[in-house]
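Take a look at the structure below.
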Amino acid sequence: SALHIFPDSVRLENGSSRCSGRLEVKSNNSWSSVCEDDFDLLDAEVVCRELDCGAPSVLQGALYGEAEAPILTREFSCEGHESVLLDCGSSWRKTKACPPDKAVGLTCSDPATVRLMGSSRCSGELQVKSRREWRAVDAWRFPRTETTLAFVCKNQKCGPHFSLKTKKLPRQKPVFQIYSISFHTFPLNMKDCVYEDTMSSQTIEITCL
């Protein structure tokens, strides 16, 4: 069973990826845009986290077009640590009107979902991130094909050649079992993979050359 949970309270529309676009918030079963004046960088941090994306890099009105949905009349006041935007405090906006070209647009950095933990960026234990949690990969459930390993090295911006070995641990720890990987997107997005969580005492080490 796949672990990745798609958030359904916020979305970014009209952008070039799932991590960029015009912000819309789901409230009372309908989607609404958010006014630029009611949204700041702390609020953006929470939205990017909720979408499982990286940190916010651009935040401005009409960045991804004018509002198509109604604009919320609430101002958000996140502290930055919340998991979802609707957990943040909010208040009614003092002035009701917000022109369509003030609908906030947001760009979050690409999510880091794969890394090699070791002596360098190009060598170490293979780890993947899902639901904001990093875990090693089970040595017994990973497609050890040349295409897969070259894909991991390319994702790390390392050389195309590689070596692989099994790392034995003194005790079991939580890991991801990966059954298939999509080779269509860079950086790797775990929503395109088939995987589940388990316990294991053997993980994978990769060195990209």
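The first residue you see is number 1, and the count goes up from there.
Just so you know, glycine gets a Cβ as well, placed from its N, Cα and C.
What you are looking at is a predicted structure, and each value in this text was computed from that prediction instead of being measured.
Between Cys88 and the candidates Cys78, Cys98, TrEMBL records the disulphide pairing with Cys78. Working note on the disulfide-bonded residues Cys78, Cys88: by count of other C-beta atoms within 10 Å of each C-beta, Cys78 ranks first. In this structure, Cys88 (disulfide bond) belongs to neither helix nor strand by DSSP; it is coil.
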